[in-house]
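According to TrEMBL, the protein has these features:
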COMPBIAS  417-427  compositional bias 'Basic and acidic residues'
COMPBIAS  432-446  compositional bias 'Polar residues'
COMPBIAS  457-472  compositional bias 'Polar residues'
DOMAIN    1-264  domain 'F-BAR'
DOMAIN    337-414  domain 'REM-1'
DOMAIN    485-546  domain 'SH3'
REGION    272-345  region 'Disordered'
REGION    417-479  region 'Disordered'
Amino acid sequence: MSWGTELWDQFDNLEKHTQWGIEFAEKYTKFVKERSEIEINYAKQIRNLSKKYQPKKNSREDEENKYTSCRAFLAALNELNDYAGQHELIAENLTSQIISELTRYIQELKTERKSHFHDGRKAQQHIENSWKQLESSKRRFERDCKEADRAQQYFDKMDADINVTKADVEKARQQAQMRHQMAADSKGEYSAYLQKFNQEQNEHYYTLIPHIFQRIQEMEEKRIERVGESMKTFAEVDRQVLPIVGKCLDGMTKAAESIEPKTDSKQVVESYKSGFEPPGDVEFEDYSQPMKRTVSESSLSNSRGESKPEKPVSKSKGKLWPFIKKNKGSGPEDFSHLPPEQRRKKLQAKIDDINKDIQKEMDQKDALTKMKDVYVKNPQMGDPSSVDPRLAEIGQAIEKLQIEAQKFEGWLAEVEGRLPAKSDPPRRQSGLYETQNNTTTVNNCAQDRESPDGSYTEEQSSETQIKVPSTQEFDDEFDDEETLPTIGTCKALYPFEGHNEGTIAVAEGELLYVIEEDKGDGWTRVRRNEEEEGYVPTSYVEVFLDTNAKDS
């Protein structure tokens, strides 16, 4: 069904309809834009909500994360954050796949519609002008015919009148003939215009208008199709994120299923267990006698090492657990304000932290020692004495940390009730000291530092020594590796001038061979050829290690 044949006389209505179609497409575009804004705002609110309930650093909420329910809630918050990201993706896809495309298409549609209706108006104007010419020729033919009739009637009257001269009759006859000739000419002109108009009218209504209306119909059908595709995309944008949204929801479900009430109950015991024994039964005493308690390790009188008369039960307002009083502030260094079990955990955690710090310092010391050894063997690469201040500083830091560890291990041994004797080896040694291949000798003389009243002194043991490998040991080690094999390649990301001894200058983009990885000191050893090698900053190069060469 074609608009050109069915709607040949509905030019104005088609113009209104196509304008309405463009307005409908613009309205749908506005709808998608508002939906996109809703998605963005929703995602923003979800992200803010997730951020609001995230645990704050150095707060009580960090301690609460040891419970499975709190960890599950944190995992659910992270999944909710990812869920918000999917709504941001929806908004982004709506903007790129629908709003931008439809906006561009509507502009093209307006231009195309304007062109089609311009052609239609031009055709209409042409047929109207042709009709006007036909009407003008018709009126002229009608006028000439009437004037010819009047001239003929006048001639007949003059010819019948005997009183009229022959010259007047001849003049009337000529006038009538002229009018008849003009009427004949007008008739021919009118006939020609009529034939031309009929031909143009037939072409207008059966060729031009159907062609123009057909293009308008195709334009309108394409508009409807594009709007339909946008509506389909509107649904597909949501459908595309459903798998990820489903995974987020599955993650929330998995987090909820990971909650273990028994584990949380056990964690409460671990967190708050004091290690004290419950108080003994109160003996029945006569009211005339002062009340006494059964001796126990946790009773007030026994824990303080002295006996004091207690008030009668009816007037006793004191707490049975003086050790549970809240301590304001950080408390003493040995955590003596805490119950035994909690104190043991705090001391053990402190020792673990100190051991980690010692390990870091040891790693730095090893790296600097290797660098110094390289400088000793190759003076042109650097001054060995330039490393000594840093080595001495690290040695003092290690010694200080080891003394600190001994102090806390002594307190820990005291809490655990197994303080080592002087003749016995230390009973609590960290794995760090045992793996140093006897390079560090630690004498845990916690009992030596114990004063008669049970307190500890901070005097450093004279037996605490740090054995640093000699330069000769490193020389022997490096003698075996005079020509180091290449373990990979590297590309210089930035230019390095290499003014210091032991370094090598490189240009940006230059390819070099790697002969020694970064040992934690921030330097990588590279080689340009058999005679040029040195150190470059690790952050200045991109390293590509050869796995086979490294393993071998």
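Cβ atoms are placed via backbone N, Cα and C, with glycine included.
Averaged over the domain 'REM-1' (337-414), the predicted model reaches a pLDDT of 85. Under DSSP, residues within the domain 'SH3' (485-546) fall into helix, strand and coil as 3 helix, 29 strand, 30 coil.
Residue counts for the domain 'REM-1' (337-414) by DSSP state, with H, G and I taken as helix and E and B as strand, are 71 helix, 0 strand, 7 coil.
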